[in-house]
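Take a look at the structure set out below.
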Amino acid sequence: EPPHTGRLALYLLGLQATCPPPGPHRSLVTWLKYYLEEDWTGSRRHGRPVTSYYQHGLGVLALCVHRKRVREEVIRRLLTAQHHGRLGHGGNAVDTEAVVALAFTCLERRRLVGAGLAAELRAAARGASRSMAQAQRPDGVIGNIYSTPWALQVFLATGTCQTEPAFGQAVAALLENLEAFGTAATMAQVLPVLHGHSYLDIASMHCGEEPDTLTALDSEPLAEVLGNKTVQLVVECPLPWCYELRLYDRPVPAPAAASLLEVLQAAAALEPHDFKFHAQDTPQGPFLTQVLGLEARQEKRNYWQLLTAPNTPLQMGIADYRPQDGETLILRLSEW
């Protein structure tokens, strides 16, 4: 089983933000340091962490927020990965580069590295900020809607928010798409940005001055959507992975309120021998990893791209996107 680097890092960031009493969580910080070392055992074979650069960057960031030093070798491996463009594809690349840039900025700001390395980290974080501004789409989104808060955190942490036009455009895009942030993990990414903060600010919180503002709110249940819908589900696998492009193309009946994940489950229940898929749980929700026995793997530099016909990438995950009746959804094995 791979190390739980990313999950533990997010937990420790959240825990520190609640101003916990000193002491009880120290063992968890020690475990995170252990996971970081275990994570790099994969680099001997594959040249990358066992988990991912995203999780590894989160681990370094969480340790820095807890004022713990990280071995220079680990930091330099992240620097090398950034310099050689190994941090992912699409919105995932923005997420990962942003997390790594926040970790670099934290290490430099908290003076947890020497002066020479600090200058390198500062330059790398500034370079990441410029890269994200260049990745901005005409609608203001950077990467995808879920990676946009990460990019904004980098602008805030590096101080470029005041001079970077992409910042205001990205904030406007967030405000227009707040309904997309419906899970605890995605809310935790967007709320600090809307208040002008990044995760780095957790390290400088004055916990004695924090008021108790946690009050329960009465919320009305969401209206139930009745009826059914039919979604045309298509699976595509281009060369070099498959000789036949379209592997699956069939209508799938599902409840009217069904998410894409529930549509996939309905397809699997309808034809258990013909349609199989697997989704991996992540802090951002389930991530599609395998369809019809074809597995997307980081070392193969491929992933399952989600599109609505004819060729529009989805801006939500499989558990959040709710297809319309008659819509055609494409699962396409793609290269990054």
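Any Cβ shown, glycine's included, is placed from N, Cα and C.
Sequence annotations record features per position, and here TrEMBL assigns cyanocob(III)alamin binding site to T51, S52, Y53, Y54, Q55, D95, N144, Q189, W304, Q305, L306, L314, W336. Within 10 Å of the Cβ of W304 (cyanocob(III)alamin binding site) there are 22 other Cβ atoms, across all protein chains.
The disulfide bond feature in TrEMBL is assigned to C64-C106. Other Cβ atoms within 10 Å of the Cβ of C106 (disulfide bond), summed over all protein chains shown, number 25.
What TrEMBL lists as domain 'Transcobalamin-like C-terminal' is 259-334.
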Neighbour tally for Y53 (cyanocob(III)alamin binding site), based on other Cβ positions within 10 Å of its Cβ: 25
Distance [Cα-Cα, Å, rounded] between N144 (cyanocob(III)alamin binding site) and C106 (disulfide bond): 25
Sparsest Cβ surroundings (other CB atoms within 10 Å) among the binding-site residues T51, Q55, N144: N144
Cα-Cα distance linking C106 (disulfide bond) and W304 (cyanocob(III)alamin binding site), given in Å to the nearest integer: 33
